[in-house]
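Undergrad: I am attaching a structure below and will ask some questions about it afterwards.
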Amino acid sequence: MAQATISITVNGEAKEVEATTTGVELFAEDKNIIAVKINGENRDLYTPLNDGDTVDPIALDSEDGLAIMRHSATHVMAQAVQEVYPNAKLGVGPVIKDGFYYDFQVDQPFTPNDLKDIEKRMQRIIKSSQSFRRRSVTEEEALKEEADQPFKIELIEDKEAHLDPAAATEISEKELSFYDNVDRDGNVVWKDLCRGPHLPNTRYIKAFKIERSAAAYWRGSEKNPTMQRVYGTAWATKEDLKAYQTRLEEAAKRDHRKLGAEMDLFSFPDEIGPGLAVFHPKGAAVINAMEDYSREMHRKHHYSFVQTPHITKGGLYETSGHLHWYKDGMYPPMHLDEEKDADGNITKPGADYYLKPMNCPMHNLIFKSRQRSYRELPLRLFEFGTVYRYEKSGEVHGLTRVRGLTQDDSHIYCTREQMKDELTSLLTFVLNLLKDFGLTDFYLELSTKDPNKYVGSDEIWEEATNTLAEVAKESNLELVDDPCGAAFYGPKISVQARDAIGRTWQVSTIQLDFNLPERFQLEYIAKDGTHQRPVMIHRALFGSIERFFAVLLEHYAGAFPAWLAPVQVLGVPVADEFAPHLAGFVKSLEDEMVRCEIDYSDDRFGKKIRNASKSKVPFILIVGEEDMNNNAVSFRFRDGSQLNGVPVDTAREQILTVIKKRVQVNSADDFNAAVAE
């Protein structure tokens, strides 16, 4: 006889329910519940429950709920595409940050009008209130159903497809399943290979937008066919969608590539190649200010500065393991030093040299260059080291993803007893320095071992991971797990910073490493005279100078605080006869290492002021007849407010004070507050 009731836990409360109960019945009164979490796994709302299950609701406007709704939107989009283009072949349709995409193989690239047609068809499908229904299938059944879909067949036959993050939306390691789109009459009108979960019904997709299309290689490989990737976004409400679109508009205004060109900061000449930035004088001024302050703070925290070459013999990266684990991200080798006699016979074998992708192996050689004592530990080595990483040309993006980058790279060698305290002080140092650059809203991410890509023992990884987790929790910042996200040599904490418009950027990383000291046979003489392995900590505060520059440029929308601004003071004389007085004052600022310019152009004064305002300079100094007669200058700030007739000695001290304090000043009120403190 079938069991009449089962015992389950709902929202932490024990309940007895009928054995046929699903989430539909449990949460019938709350129409915002679109799925359930059963024993920690997201499942469809109508999934059968078993005795002993723990069940929690998933609301549409929650993080999990939005992901489920966006994935359902990919199915609606794919259905719409196949209705408009019946011969379209389906790829994968994963959820991404704030949206989703689906890959299609079609005869011609989609045009903007095509995307409008697809969006209209999606609206029709959503209004038709189709239900999503899951069914499990065997591999044989799946292959039969997808006989005319070559990309789906590839996923079905690939036993490791579930390890691919994009393909994992389609393929589960446990079983294969389809989702049928069922109309009101109970007819299956469309289907897709998918692991789920999905919405109960298309009508829950209340606010969506098709955004754009782009070419993309199938499964990210240049060896595979080119697909058309259609991007979209979906939100719980129309208000949320509108807010997202507003954020996109603001982000477009702040795009560092756009600002970089407008402000004459940097460029990417075709003659040099993709992902290789050239910083112009104004951009280099910002870089220098960033690096100078970083150097100052590292000296105060007892770091030893080192410098290493840009290329090295390949054997170094054999020792470190990079050639095994990271070769695809390295530039091809240069075979050098080979010598031949007159007959072409090799008399001296050459060696493969590589552009360095990372600084850590060279820092290990510095540690190893002589015997080390426990009295020297912790030893903190620091370098602004330029590294080179091969990114596909289609994947480079402004300064945030480049091929040549400079890291503020530190490697710290300490004892296991020092490890916890060193990590704690290091995280504090990192967060304080980021705050000095104007980033104040953080959370931490803990990246743990990828079981398919790591070196070292499980015990060592567990110790390293637990120590990092403990330090992260003691910071009182939010800690988010990143399963399988660590590099092959150790777990890491990354600092995620939210910018002025709420976007999240990964900035600093702190990585614990028990592995490389073993591979390099690093040792120190302990207090008892024994030889011991040091613990190694990798740390990049900026991540890379280029990326952090881009983050700051977008965070401030080009209006850097005075200490970072490429031009800190711009002088604008009301007329030519007042220029000498202004030039004398500007010279006194330049003697204090303030970055200044004067507008000597023939433009009218009004145009000069408009041009100066567009330049985002923190201090525009104006000199007219009254200013000259009173040995004064007048300030104009970014918001248009002014302070008139400030004596030159006072003005000089106030400008230097604001620069020294590293505060943001956009108005006369900001300025007065900064100099009054």
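Backbone N, Cα and C define each Cβ position, glycine as well.
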Undergrad: Given Swiss-Prot annotates CYS360, HIS538 as Zn(2+)-binding, which of HIS302, HIS310, HIS411 belongs to that site as well?
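TA: Candidate listed by Swiss-Prot for the same site: HIS411.
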Undergrad: Counting only residues 6+ away in sequence within the same chain, which have a CB under 8 Å from the CB of HIS538 (Zn(2+) binding site)?
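TA: In sequence order, the residues whose Cβ lies under 8 Å from that of HIS538 (Zn(2+) binding site) (at least 6 apart) are CYS360, ASP409, SER410, HIS411, GLY490, LYS492, THR509, ILE510, GLN511, ASP513.
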Undergrad: Among all the protein chains here, how many other CB atoms are within 10 A of the CB of HIS411 (Zn(2+) binding site)?
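TA: Taking every protein chain into account, the count is 25.
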Undergrad: According to DSSP, folded down to helix, strand and coil, what is HIS411 (Zn(2+) binding site)?
TA: strand
Undergrad: Work out, from DSSP, the number of helix, strand and coil residues along the domain 'TGS' (1-59).
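TA: The domain 'TGS' (1-59) comes out at 4 helix, 28 strand, 27 coil.
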Undergrad: Other than CYS360, HIS411, HIS538, which residues of the chain come within 8 Å of the Zn(2+) site, judged by Cβ distance to the Cβ centroid of those residues?
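TA: Checked against the 8 Å cutoff, the neighbours are MET358, ASN359, HIS363, ASN364, ASP409, SER410, ILE412, GLN511, ASP513, LEU516, MET536, ILE537, ARG539.
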Undergrad: When DSSP states are folded down to helix, strand and coil, where does HIS538 (Zn(2+) binding site) land?
TA: strand
Undergrad: Could you pull the average pLDDT for the region 'Catalytic' (255-561)?
TA: 93
Undergrad: Provide the number of Cβ atoms within 10 Å of the Cβ of CYS360 (Zn(2+) binding site), excluding the reference atom itself.
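TA: A 10 Å sphere around the Cβ of CYS360 (Zn(2+) binding site) contains 22 other Cβ atoms.
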